[in-house]
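Only one structure is covered here, and it is reproduced in the block below.
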Amino acid sequence: ANEQDHCAAPRGDNASLEATFVKRCCHCCLLGRAAQAQGQSCEYNLMVGYQCGQVFRACCVKSQETGDLDVRSLQETDKITEVEEEQEDPYLNDRCRGGGPCKQQCRDTGDEVVCSCFVGYQLLSDGVSCEDVNECITGSHSCRLGESCINTVGSFRCQRDSSCGTGYELTEDNSCKDIDQCESGIHNCLPDFICQNTLGSFRCRPKLQCKNGFIQDALANCIDINECLSIVSAPCPTGHTCINTEGSYTQKNVPNCGRGYHLNEEGTRCDVNECAPPAEPCGKGHRCVNSPGSFRCECKTGYYFDGISRMCVDVNECQRYPGRLCGHKCENTLGSYVCSCSVGFRLSVDGRSCEDINECSSSPCSQECANVYGSYQCYCRRGYQLSDVDGVTCEDIDECALPTGGHICSYRCINIPGSFQCSCPASGYRLAPNGRNCQDIDECVTGIHNCSINETCFNIQGGFRCLAFECPENYRRSAATRCERLPCHENRECSKLPLRITYYHLSFPTNIQAPAVVFRMGPSSAVPGDSMQLAITGGNEEGFFTTRKVSPHSGVVALTKPVPEPRDLLLTVKMDLYRHGTVSSFVAKLFIFVSAEL
């Protein structure tokens with residue numbers, strides 16, 4: 001599809017499923033190229049299935065890079081036959097269909113769905129979502145020295161810190177490329193000149209070359225060279241005077257100066273050079289200039305002549321030209337000045353400008369460093385904090401010692417470098433999926449208890465109990481936890497026994513709020529005129545519990561004070577029910593298991 005802009009139909013009447021799949025993949029590719037050609041986003045969701053969506057995006061992105069698709073060729077995508085539309089989607093049961101649970105990329109391995117992210121993103125801890133990778137902080141960018149890294153969503157870009165300067169242009173790869181003014185026609189050479197490109201500039205070379213003894217000026221005119229003014233190579237020998245002519249020069253003998261005189265530079269007359277060493281007629285700060293028959297004193301560069309004191313005084317360039325000589329700081333010196341920079345900057349090669357120092361290149365921070373203009377900033381990873389002492393060292397945060405540390409873990413918090421861990425008691429509990437709470441292990445459900453076949457397993461917080469009971473004499477078992485009294489047959493002692501004994505199991509932690517109702521007792525069906533009395537007849541030696549009536553025919557057992565430590569209690573509660581002039585007794589055996597609080 002990328003090369004031919006159309007899809008070939010499967011050949012033969014018995015075209016294989018593979019050929020049919022290839023053609024369907026081809027149509028998905030053409031849809032991606034069509035989206036790019038029509039200016040649509042390559043991330044557009046067509047609800048065509050995960051595999052087709054991946055091919056759609058890949059061909060759309062590639063078409064953006066090549067830009068060679070003719071929209072008219074996309075008409076072929078409309079020619080999918082009804083037979084193809086009726087074929088069963090081979091990826092109907094694909095859990096990645098439509099993207100599945102993943103935010104970006106999804107792959108169904110058969111055993112599980114694996115999510116992944118596009119380049120420039122990283123998978124979050126939920127295993128589904130993706131977040132942008134900050135390549136500028138992680139150091140995974142490719143920016144060169146002199147370039148700043150700027151993070152973008154899914155990628156980054158490099159930006160040159162300084163401009164290229166006159167005569168250069170910035171390329172797409174942040175390089176400085178010389179501008180050929182001659183080729184681009186932006187030079188200012190006159191018609192009599194030929195433009196010749198140089199690095200960062202150009203020069204105009206005259207088309208007409210001058211003869212020996214002449215030099216061309218800026219307008220390509222030939223100007224006579226005064227050979228006699230050459231200081232490097234004097235054309236005439238000592239004792240002769242040089243006389244310039246058009247295109248050349250001549251020489252003649254010089255006069256013979258008397259004692260105490262010297263021939264001047266022109267060789268025309270004799271003069272005394274009062275400025276010649278070791279004589280210093282002008283004094284400190286002056287420059288002596290010889291003249292015919294005399295001399296004059298001038299101030300050196302960096303000094304000016306004070307008409308009042310008649311002396312050369314130092315020029316304070318920093319005050320005379322404020323902010324124009326130096327980029328940061330200007331310090332005056334005798335006859336000159338010196339530029340310096342603020343902290344975090346260094347002096348450029350021109351001796352005047354200041355450029356930022358990248359302090360991060362020397363790794364001053366213990367973890368992360370970010371260079372800023374004129375300084376730098378240290379950062380710490382999650383679980384660490386910057387030291388208040390030096391501002392560069394990252395110290396571990398003891399999450400367990402924070403004011404909220406007691407609420408981080410339900411049982412015990414253990415600090416580790418950069419994070420913390422929660423733990424549970426050695427037995428009876430396991431750590432919840434959130435990594436903070438402790439969940440009770442129901443040994444009775446999981447089958448890890450050691451109760452015998454004649455015992456009943458009862459789960460409590462952090463453990464379990466094996467319970468078994470037998471009905472006392474003159475009673476028979478009527479339910480799993482209930483005993484009924486046998487007929488008494490005129491036996492008075494027997495008639496005083498409770499009609500029913502029922503066993504109950506209760507469990508609560510030591511930190512339960514008191515007072516608290518833990519058990520309610522009354523007849524299963526009340527009759528008008530019923531009344532009752534409730535009393536604890538055993539197991540309350542320490543006075544943790546009490547009874548009270550809440551209605552004429554029902555009462556409750558309440559906890560009056562917290563049980564200070566884990567323990568097992570057996571409480572016997574007796575209810576006397578008065579009905580139609582007779583009294584019937586009922587007993588409740590309460591197995592109470594007090595567990596430790598987390």
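Just so you know, glycine gets a Cβ as well, placed from its N, Cα and C.
The disulfide bond feature in Swiss-Prot is assigned to CYS7-CYS26, CYS42-CYS60, CYS102-CYS115, CYS117-CYS130, CYS136-CYS149, CYS164-CYS176, CYS182-CYS195, CYS275-CYS288, CYS326-CYS339, CYS341-CYS354, CYS400-CYS413, CYS424-CYS438 (among others); the stated evidence is similarity to another entry. For 28-60, the entry in Swiss-Prot reads domain 'Anaphylatoxin-like 3'. The domain 'EGF-like 5' feature in Swiss-Prot is assigned to 271-313. Marked as domain 'EGF-like 6' by Swiss-Prot: 314-355. Summarising the annotation, Swiss-Prot assigns domain 'EGF-like 8' to 396-439. What Swiss-Prot records for 440-484 is domain 'EGF-like 9', and it gives sequence analysis as the kind of evidence.
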Which same-chain residues, if any, lie at least 6 apart from CYS164 (disulfide bond) yet have Cβ under 8 Å of it: LEU170, CYS176, LYS177
Distance check against CYS115 (disulfide bond) for the disulfide-bonded residues CYS130, CYS149, CYS195, CYS326, keeping those with Cα within 10 Å: CYS130
Greatest C-beta neighbour count within 10 angstroms, which of the disulfide-bonded residues CYS275, CYS288, CYS326, CYS354: CYS326
Count of other CB atoms lying within 10 Å of the CB belonging to CYS424 (disulfide bond): 21
Top Cα neighbour of CYS288 (disulfide bond) in the set of disulfide-bonded residues CYS117, CYS182, CYS354: CYS354
Mean per-residue pLDDT computed across the domain 'EGF-like 8' (396-439): 87
Helix, strand and coil totals (DSSP H, G, I; E, B; other) for the domain 'EGF-like 8' (396-439): 6 helix, 16 strand, 22 coil
Structural state of CYS176 (disulfide bond), classified by DSSP into three states: strand
Where CYS182 (disulfide bond) sits in the secondary structure, as DSSP reduces it to three classes: helix
CYS195 (disulfide bond) in three-state DSSP notation: strand
Greatest C-beta neighbour count within 10 angstroms, which of the disulfide-bonded residues CYS60, CYS117, CYS136, CYS341: CYS60
Listed disulfide-bonded residues CYS7, CYS195, CYS326, CYS413, CYS438, filtered to Cα within 10 Å of CYS117 (disulfide bond): none
DSSP-derived class (H/G/I helix, E/B strand, else coil) of CYS130 (disulfide bond): strand
CYS182 (disulfide bond) to CYS354 (disulfide bond) - Cα separation in whole Å: 34
Cα distance (Å, whole number) from CYS413 (disulfide bond) to CYS424 (disulfide bond): 9
